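Student: I am attaching a structure below and will ask some questions about it afterwards.
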Amino acid sequence: MNPTALMIMLLSLAIGTTMTLMSHHWLLAWIGLEINTLAIIPLMTKTPHPRAIEAATKYFLTQASASALILFSATMNAWKTGEWSIILLSDPYTITLSMALMMKLGLAPLHFWLPEVIQGIPLSTGLILSTWQKIAPMTLLLQISHLTDLKLLITMGLTSILIGGWGGINQTQLRKVMAFSSIGHLGWMVLILKFNPQLTLFNFLLYLTMTAAMFFSLMLISSTKISEISSSWPKSPILVTTMMLVLLSLAGLPPLTGFSPKLLIILELAKQNTLLLASVTMLASLLALFFYLRLTYVMILTLPPHIPPSSTHWRTTKNSPLTATMTTLALLIFPLSPTFLLII
C-alpha cells in the first residue's frame, strides 16, 4: 500500500476512536464509529485476495448493521427524552444499544463474523481489529454500564466464555484461535461490567496488552498456522519461549499478567454473592485453557530444542523494541495490579 494512503487510514482510525472517546452526544459517537469502520476496510484489502475481499465485505455488512441499530436507537431515545446525551437512556433503547455495541465487539451469539474476518486479513490488520477497533465500542459500553440489563450482560458474558473456549479447541489457524480468544476475554469483561466497571476497564487494558504482544510475536516469525509455529523453535528460541509465556498469560495462569483480572473478577463475583455464576465461569474458562496449553505444547514440547552450531541466515530474526515492551508488560504486570486499580 502507498505510504501516504496508509498514513491517512491510520490517522483516520485515530481520529474516529478519539472522536468517540471525547463525545457525550450519540450522533458524534456514531460518526466516530463510522470513521473507524470505513478507515480499516482499505487496510483489510491491501492484499487483493478473494479471502481478504470476502472478509472486508463481511466486516462492512456487520458493522453497518450495528451502526444502523445504534443510530436508530439513539434517534428514538432522543425523540422520547429530548436528549442526545450518552448517559441519558430510556429503558427499551438501552437493550438495543447494548446489543449493537456487543455486535461491534464480537460477543457471542453475535460473534460469527469475527473469526472469519480475522482469518481473511493480514496479521497487522488483525492486530488493529483485535485491539484498536475494540476501544470505541467498549468505551460506550462502559459509559452506559449503569443502565444496562444485568441478565443480558450475564447471558452474553457466559455465552462468550463458552463459545470462545469451544470454538478455539479444534482450530489449526492461529488467527482464528486469537479471534476466539478475543471472544472469551470480552465475555469476562461484560460479565463484570454491571458489578464493577473499573474492573472491566482494567481487564480490557490488560487484554489489549496481551493480544498486542501475541500478534507482534506472530508477525515477527510470520506464522499463521499451528504447523508453522511447531517448527519455529530452532529459528528463534527466545521469541518462541516468550510467545509460550504470553499464551499462558492469556490463559490466566499465575503468576503472569493474565491471572490478575480473572482473580479479581472471581473475587468480585463472590463478593456479590453470585457463587454459582463464579463457579460456572471458572469451569467454562477451562475450555480456553485447554487450547492455550495445546498451543504451548505444539510450540515447545513437540520438537527437541536442537540448535545448529552455525549461525545461518535463516535463523536471524528481527528484533523489535515494541514487541519486547509489550511482551514484558504481558508477563510481569501482576504484582503491580493494585497500583493500576488505584490509578483507574
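Placement of Cβ uses the backbone N, Cα and C atoms for every residue, glycine included.
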Student: Looking at 14-35, 322-343, which stretch does TrEMBL describe as transmembrane segment?
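Tutor: Residues 322-343 are the ones TrEMBL records as transmembrane segment.
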Student: Transmembrane segment per TrEMBL: which of the ranges 38-56, 133-151, 152-170 is that?
Tutor: 152-170
Student: Can you work out which residues elsewhere in the same chain, 6+ from the ends of the transmembrane segment (110-132), have a Cβ less than 8 Å from its Cβ atoms?
Tutor: 13, 17, 40, 43-44, 46-47, 49, 51-52, 54-56, 58-59, 62, 99, 102-103, 160, 163, 167, 173, 175-176, 178-180, 182-183, 208, 211-212, 215-216, 218-219, 222, 224
Student: Excluding the flanking five residues on each side, which residues at least 6 beyond the ends of the transmembrane segment (152-170) place their CB within less than 8 Å of a CB in that stretch?
Tutor: 95, 98-99, 102, 107-109, 111, 115, 176-177, 180-194, 277, 280-281, 284-288, 290-291, 294
Student: Under 8 Å between C-beta atoms and at least six residues away from its ends: which parts of the chain pack against the transmembrane segment (236-256)?
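Tutor: Distal contacts: 181, 185, 210-211, 213-214, 217-218, 220-221, 229, 262-263, 285, 288-289, 292-293, 295-296, 299-300, 305, 307, 315, 317, 327, 330-332, 334-335.
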